[in-house]
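Engineer: Have a look at this one before I ask anything.
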Amino acid sequence: MFVGSGMEWYLPVIWSLLLAIAIAMYVVLDGFDLGMGILFPFAASEREKDQMMSSVAPFWDGNETWLVLGGGGLLVAFPLAYSIVMPALYLPVIFMLLALVFRGVAFEFRHVADTSRFLWNIAFAGGSTLAAFFQGVLLGGFVQGIKVENNAFAGGPLDWATPFALLCGFGVVAGYALIGSVWLVMKTEGAAATRSRARAKMLLPVVLVFMGIISLWTPLAFPRIAERWFTTPNLFYLAPVPLLTLALAYAVWRWLERGYENLPFFGVIGLFLLGYFGIGVSIFPYLVPPVLTVWETAAAPASQVFMLIGTVFLLPVILGYIAFVYWLFRGKVREGEGYH
Amino acid sequence: MDFDPTILARIQFAFTVSFHIIFPSFTIGLAAYIATLEVLWVATGHERYHRIARFFTKIFAVSFAMGVVSGIVLSYQFGTNWSRFSHVVGNVVGPLIGYEVLTAFFLEATFLGIMLFGYRVPRGLHVFACVMVALGTTLSAFWILSANSWMQTPAGHEIIDGIAHPVDWLAVIFNPSFPYRLAHMVTACYLTTAFVVLAVGARYVYAGRYPEDGRTMMRMALGLIAILAPLQAFIGDAHGLNTLKHQPAKIAAVEGHWENEPGESGVPLVLFAIPNEEAERNDYQIAIPHLGSLILTHSWTDTIQGLKDFARDERPPVAIPFFAFRVMVGMGLLMIAIGWLGVWLLWRRRLFETDWFLAPLRHIWPIGFITILSGWFVTEVGRQPWVAYGILRTADAVSPVEGWAVATTLALFVVVYGIVFSGGIYYINRLIAKGPQGSAVEPPVGLPNRPLASAHKATRAAIDNPGE
């Protein structure tokens, strides 16, 4: 592990935080629209499908851009990590991208198609589900570690395919479906909203079970993660994380029971961030677990500084206009109005 | 079966990047066209401009989606397929791509929501959103062409332990070939869009459907083509001279120029030949003496380096740049001819009655795409065997991924993109067949895009007023 001082110490730390923020933004924002796609086949009617799609139509392009920032950010700030992680997770990365291709074009084609609309419905739901699944597999493949020799990936194309990674895949599908359902609770009205609420209540315990299994599996299977969580004083600092998760999950349940429309969505975002924080704690400072740290994979300080200057100015502007668009299209999508 | 991962990775990247470039080539120009129409609409009050803008916005939505999803793929392929490239030049190329995401992608993707669904937002905000999308697409071109140009003509860096490190960012961004490539590509995008608009307009005028909108499309497109197509020839010439200075082997391949024969003065211009790389000569050559010198050195007798002046492993493949260049130039000359002829007919007030001109124009829409793809084939294949010129060879840039994995994903890309591309063409064609009239669009189901709809009815009235 790198022990140093000055710029070469703090720049990679800043960048790993920025990257973590970008990925968190992606998981939450694209999470709800992928989740909507996962729930798509369960819509009662073509009308309800239209309503679900309309709820994310103005946002999905922007949401997906965070994925480019996640990949691009890793290349910019940690090119060595990018050059090891991507080949190691070659197949799931490409499967995820192809699923996103299908889903993205289905958005637009479905608007224009009539007789072939059902095909694009399938492409949309299938693409969303597979993209979510492979994002989970990527997470699992990353957490479980990568075989590295001479600063390059040294494993085989199927190294990632473990029960743990597949479990993470199903977990992310459930998680995105949950956040998609509470998004629909917030953004739709009438029968669609009622059904989404019932679905959210069904999905919440499922997601908690996945979170529980992964929280137990990781320290049991990976000693480095057990050491991080179960030694003092970390144990005391980190103990609130699972407790907060349970408390928040209970609150979300109550909010759903009592008919709140917006709180469940923000509650689930909180659950996502807690889970995300837990994974971050388990991983940091490794960027290619369990071998290379953020310091060992960092780009040249000149590159990190150059990009940081732009990010400091541009990120607030970006967040500002994204917030503006969400504000502009706030309120509920109504059922049964004309369709072009 | 044994797969060579490098060849497979190259085919895969050539396939995905060629597929991708089609959509930005169109949307960069189309975003600017829609923004222009919106501004004209606000300035003149003619409903026609608004109708055409709405019509092309729907086509824009479909094209943009295909551009976005195929672009995300590329941003990951640098890592999945070209990991050593990412490691060796990531310090320099990475931030250029990072700035593209921050300055361009978010801008276009976010304001696209308002552009497509902002039916009831104040007119000024809608025009502003269209301008922001156009700005975003152009900035995106700026950064990605800067990155590509740096791979062609690297500058502002130093190599430490085999890894490129930035020294002077201005020199990196504004590397020697960048201004030429940027001007050449942005002009090409505008021409590409202009020819699509021209073809759509000709289709309506010829069929007698929406004749007024069709004429406006044709007038605007032909005016732009008549100016930009000849201008592009000058930009292309300047770009070629820049390439001769920095990448002489590429120009030798483009010209099919093997060697300067002893005693012969000047370089001929090879109009046609079949380059024979084994025998290091051209078969079936038709050439005009001295014309090559005239074009490339602007003199009668000066010579350029021939392919034989470069070791075999320093030469690019010859056939692809050679033929692709001739396709590009041929198409460019055709564009100039169409632009000038069209403007002349327009001036004589005969354009909309001249069926022999209108009928083929209905099918002219692919010309820009063909030309752009040919141009990129010239410059990308001509850069070989380097991925970053003089720094990293393509063969050394590939990821340590087994051949079968690359072959599998390549097959999937071909299938998926084939379906998506056919779908895209089919649906865009349907939108065109529907025509601009159906464009008094209803918002999709109950989208809350009427700000303050339910809660503040008073304010809503104020917002609605400046609109329609």
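Cβ atoms here come from the backbone N, Cα and C positions, even for glycine.
In case it helps, TrEMBL gives these features for our protein:
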TRANSMEM  B:20-43  transmembrane segment
TRANSMEM  B:55-76  transmembrane segment
TRANSMEM  B:96-118  transmembrane segment
TRANSMEM  B:125-145  transmembrane segment
TRANSMEM  B:182-206  transmembrane segment
TRANSMEM  B:218-235  transmembrane segment
TRANSMEM  B:323-347  transmembrane segment
TRANSMEM  B:359-378  transmembrane segment
TRANSMEM  B:404-428  transmembrane segment
Engineer: Check the transmembrane segment (B:404-428) against the transmembrane segment (B:20-43) for contact, please; criterion is three or more CB pairs under 8 Å, pairs 6 or more apart in sequence.
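Structural biologist: Contact between the transmembrane segment (B:404-428) and the transmembrane segment (B:20-43): absent.
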Engineer: Mind checking which residues reach the transmembrane segment (B:125-145)? Cβ under 8 Å, same chain, six or more beyond either end.
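Structural biologist: For the transmembrane segment (B:125-145), the far contacts come to 24, 27-28, 31-32, 34-35, 38-39, 42, 53, 96-97, 99-100, 103-109, 111-112, 114-115, 118, 178, 181-182, 185-186, 189.
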Engineer: Does the transmembrane segment (B:20-43) reach the transmembrane segment (B:359-378), going by 3 or more CB pairs under 8 Å (6 or more apart in sequence)?
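Structural biologist: In this chain the transmembrane segment (B:20-43) contacts the transmembrane segment (B:359-378) - 3 or more Cβ pairs sit under 8 Å.
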Engineer: Mind checking which residues reach the transmembrane segment (B:323-347)? Cβ under 8 Å, same chain, six or more beyond either end.
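Structural biologist: Hits for the transmembrane segment (B:323-347): 191, 195, 198, 218-219, 222-223, 225-230, 232-233, 236, 254, 272, 354, 357, 361, 364, 367, 370-371, 374-375, 377-378, 381.
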Engineer: What else in the chain is close to the transmembrane segment (B:96-118), if you only count residues 6 or more beyond its ends and a Cβ gap under 8 Å?
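Structural biologist: Same-chain residues near the transmembrane segment (B:96-118) but 6 or more away: 31, 34, 57, 60-61, 64, 68, 75, 78, 125-126, 129-130, 132-133, 135-137, 139-140, 142-144, 146-147, 150, 172-173, 443-444, 447, 449.
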Engineer: Taking residues 6+ outside the transmembrane segment (B:55-76), which of them lie with a CB under 8 Å of any CB in it?
Structural biologist: 16-17, 19-20, 23-24, 26-27, 30-31, 33-34, 37, 97, 108-109, 112, 115-116, 197, 213, 417, 420-421, 424, 427-428, 431-432, 435-436, 439, 441
